[in-house]
Amino acid sequence: MSLEFVKYHGLGNDFILVDNRASTKLRLTPDRAVKLCDRHFGIGADGVIFALPGQDGTDYTMRIFNSDGSEPEMCGNGIRCLGRFLADLETTDTEVSKQKYLIHTLAGVMTLKLEANGQVTVDMGMPYLLAAEIPTSLVDADLKVIDQPLDVAGQTWQVTCVSMGNPHCITFVEDVAAISLEQIGPQFEHHSAFPQRINTEFIQVVRSDYLKMRVWERGAGITLACGTGACASLIAGVLTGRCDRRATIELPGGCLEIEWAADGRIAMTGPATRVFAGNLEV
Ligand SMILES: N[C@@H](CCC[C@H](N)C(=O)O)C(=O)O
C-alpha cells in the first residue's frame, strides 16, 4: 500500500503533510514520523502534520509531531501550510475550496484566512502568561514571567515566558548572530525550570516595529522559522516595553507580520509554500 504525502514549508520551517480526513486514526505512527523527518535517511522535515476530520464544529483538526516524535499543542508555520494543503485537496476533490477554515488544535480553535496574494493569516487566539500556564517553576504559579533571571551555561539570562498553547522562553540580546544556538539551545530546552521543555527565542530589537529572531525549537532543534515563537516574542517585546503591538519579525527563513490586537488576540501573516508530493510505502 502507498500513502501520498505533500511537502510544504513556511519560511523554511518544513513539514510533511498527510491527508487523514477519512479517519481520526493517524495513518502513520510517531515513530514513523521521526524516520520520515530524518534529512539523510528520510524525506527530511521539522515535523509531520495530519489533516483530520473536524470536531466541535470546526472544519478540520490538525495534529503535528515534531521531528523527535513529540506532539506539540500548536505550530504557527505548520497551520499556514495546512491551510494551503486543505485548499489544494478540496480543489482536487470538488474544483472549489474555502478561503477560510476553522481548525481544531490541542491549543484551541484557530481561524485561517487564505489571502489572494498567497499569504495566510491566522487568528492565533490569546496568549497564556502565568507561570502555571507556561508551565515553569521560575516564579510563583500565578505570576507572569517577565525579565526574570535564568541560569544557563554559566550565564544569567533575563527571560520572559509566553505560551501560545505551546511554551516559549524569550531573551532579548544585542546581536542574535552572536548566540551559540547549537550549544545553549538544548540547555534551555531541558532546563529543570521547564517541566514540559521549552522553545527558546533570541530577539534583537532593530526598531520598535522590526525584530530579528533566532530559535531553538523543542523537539526539533534549530529551525529557520517558528510562527508561535514569533508571536510569543512580539508579546514579550510589548510586555517589556521594547516593541510596538504590530511588528515584522525577521527569521533566518524570512519575515512574518505579527499583531497583538487591543482585544488580546494575536494575528500572524506569512507564506506557505508547496514543495513537492510523493508516495510512501506503508
Ligand atoms: N515551528 C512551529 C512550532 C512547532 C512546535 C514546537 N517545536 C513545540 O514543540 O512546541 C511554529 O511555527 O510555531
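Cβ from N, Cα, C; glycine included.
Sequence annotations record features per position, and here TrEMBL assigns active site, proton donor to Cys75. Here the Cβ of Cys75 (active site, proton donor) has 30 other Cβ atoms within 10 Å, regardless of which shown protein chain they belong to.
If you look up TrEMBL, you'll see Cys75 marked as active site.
Per TrEMBL, active site, proton acceptor is recorded for Cys226. Proximity of Cys226 (active site, proton acceptor) to non-local residues of its own chain (separation of 6 or more, Cβ distance below 8 Å) is seen for Asn13, Gly76, Asn77, Asn199, Glu201, Met213, Val215, Glu217, Leu251, given in sequence order. Cys226 (active site, proton acceptor) carries neither a helix nor a strand DSSP state and counts as coil.
Secondary structure at Gly76 (substrate binding site), taken from DSSP and collapsed to helix, strand or coil, is helix. According to TrEMBL, the feature substrate binding site maps to Asn13, Asn66, Gly76, Asn77, Asn166, Asn199, Glu217, Arg218, Gly227, Thr228.
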Extra residues within 8 Å (Cβ to Cβ centroid of Asn13, Asn66, Gly76, Asn77, Asn166, Asn199, Glu217, Arg218, Gly227, Thr228), substrate: Pro72, Met74, Cys75, Gly78, Val215, Ala220, Thr223, Cys226, Gly229
Other CB atoms within 10 A, centred on Asn166 (substrate binding site): 28
Residue pair Cys75 (active site, proton donor), Asn166 (substrate binding site) - Cα distance, angstrom, rounded: 8
